[in-house]
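If you look up TrEMBL, you'll see Lys7, Phe8, Gly9, Gly10, Thr186, Asp187, Tyr192, Arg197, Lys222, Val223 marked as ATP binding site. Here TrEMBL flags Thr47, Glu87 as substrate binding site. The annotation domain 'ACT' is assigned in TrEMBL to 290-365, 371-431.
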Amino acid sequence: MSLLVLKFGGTSVADLERIRNVAAHVKREVDGGNACAVVVSAMAGQTNQLVALVEEAWGYKVRSQNGAAASAHYDTREYDAVVSSGEQVTSGLLALVLQAAGVQARSWQGWQIPLRTDAAHRAARITGVEVGELKARMLDGEVAVIAGFQGIAPGNRIATLGRGGSDTSAVALAAALQADRCDIYTDVDGVYTTDPRVVPKAHRLDRISYEEMLEMASQGAKVLQTRSVELAMQKGVRVLVRSSFDAPDLAGKGDAETGGGLGTLVCHEDEIVEQNVVSGIAYARDEAKVTLLKVADKPGVAAQVFGPLAEAHINVDMIVQNVSDDGRHTDMTFTVQSADLDRALEVLRNSKDSIGYLDLRGSTDIAKVSAIGVGMRSHAGVAAQMFSALAEKGINIEAISTSEIKISVLIDAAYAELAVRTLHSLFGLDR
Ligand code: ADP
Ligand code: ASP
Ligand code: MG
């Protein structure tokens, strides 16, 4: 008997027919003698609708369009109360469908487990999962159907884990339960060399290292939420990404021990025999660029800019600083998530006196394209190759950032797909 965590994303639970298909996957594992916890997302599109309702209720979009002053800071505790509800529905529905199929099952909300988080509502971090009761029932043959994406924050309020957070719910549960496997069922049959919906020549990887997956996810490959990969790497959880659209009776072959056959196994680097210099290309279109013009060029100014953003829980990604034309000031450009742009601009406007700048600009017409591979550690010249290939296509680079195993460039959004395809061919990844 194995202890398994199975996670099903939004498209996999989009309607009752798909939920029945999910139940068939779960039943297969139960019939195989395994103890199962199943984490579900909200039905596809549901969370977006709930987010839109929150914004409408707060009146932010409406008021800012009318030119009236409005704050982008709504109460994130109430955002969480609303957007966490999609998972409540699917967890109850899957439990019912399983029961109807003769499988013992019970739904669990985050607070009922409890899965505890910190107080950073809207993007909370998991601080602990108490699985005693859950595990006892699982070992007794009851399937635990868990609402993903949500937990309980100090003060007994519901908190959500950031968009795509059900992946992290699943990995955290797998770690706490000491599960043998964490299967992430989604609408593609594994992790590809790049988004297969953008580059038809992309191919599925049998295995990918935690580190590469972490970079892929954080650079925009939303197939796994970044934090879920971080956690899996930290706790050594074996994650298998696979398709929920494979026939349930065939799908048992994908085995986390081999990673072969079905899906992609996310595992330690030394478990991967063949390794390309570049393993994958990721892109993100959900970042926005903020530019501060003519900031005083003096010690401490960067802290004055980024301190208030950090306090507002706004993550900053790429940062570029140029001496401005008068030589006494500096222009500062950095990127944030598009969803945070309005709040970032508001925070910076409020700090204008303490920072001291001439002008502030925000733009969402940008994309970040990244090449990722552990092979870069031992190969020189990858960046140069990448920059010349982009130049040949007439693509201008606005900012660059690198890590040991990644090179990212910021470009005009209109060139995103061309850049991804160009780099995918350049590094020999085309199928
Ligand atoms: P779920 O709702 O199951 O969580 P997501 O939409 O969050 O699914 O993630 C799956 C999607 O991730 C795929 O449909 C695919 O378009 C996208 N994706 C982006 N990059 C990759 C990649 N490198 N490999 C596989 N899928 C990718
Ligand atoms: N339903 C949430 C979202 O759309 C969580 C998830 O799908 O993982 O972000
Ligand atoms: Mg997802």
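Here the Cβ of each residue, glycine as well, is placed from N, Cα and C on the backbone.
Predicted, not measured: the structure shown is a model, and the values here were computed from it.
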Under a threshold of 6 Å between Cβ and any atom of ligand 3, which of the binding-site residues Lys7, Gly9, Thr47 are retained?
Gly9
If one looks at the chain holding Gly9 (ATP binding site), which residues at least 6 apart in sequence have a CB under 8 angstroms from its CB?
Ser41, Ser166, Asp167, Ile184, Tyr185, Thr186, Asp187, Ser244
How many neighbouring Cβ atoms, not counting its own, are there within 10 Å of the Cβ of Lys7 (ATP binding site)?
30
Over all shown protein chains, what is the count of other CB atoms within 10 A of the CB belonging to Thr186 (ATP binding site)?
24
Going along the chain, which residues six or more apart from Glu87 (substrate binding site) have their CB under 8 A from its CB?
Val40, Ser41, Ala42, Ala147, Gly148, Phe149, Gln150, Ser166
Anything from the binding-site residues Gly9, Thr47, Thr186 with its Cβ under 6 A from ligand 1? List those in sequence order.
Gly9, Thr186
Tally the residues of the domain 'ACT' (371-431) by DSSP class, grouping H, G and I as helix, E and B as strand, and everything else as coil.
29 helix, 14 strand, 18 coil
Listed binding-site residues adjacent to ligand 2, that is, members of Thr186, Tyr192, Lys222 whose C-beta is under 6 A away:
none
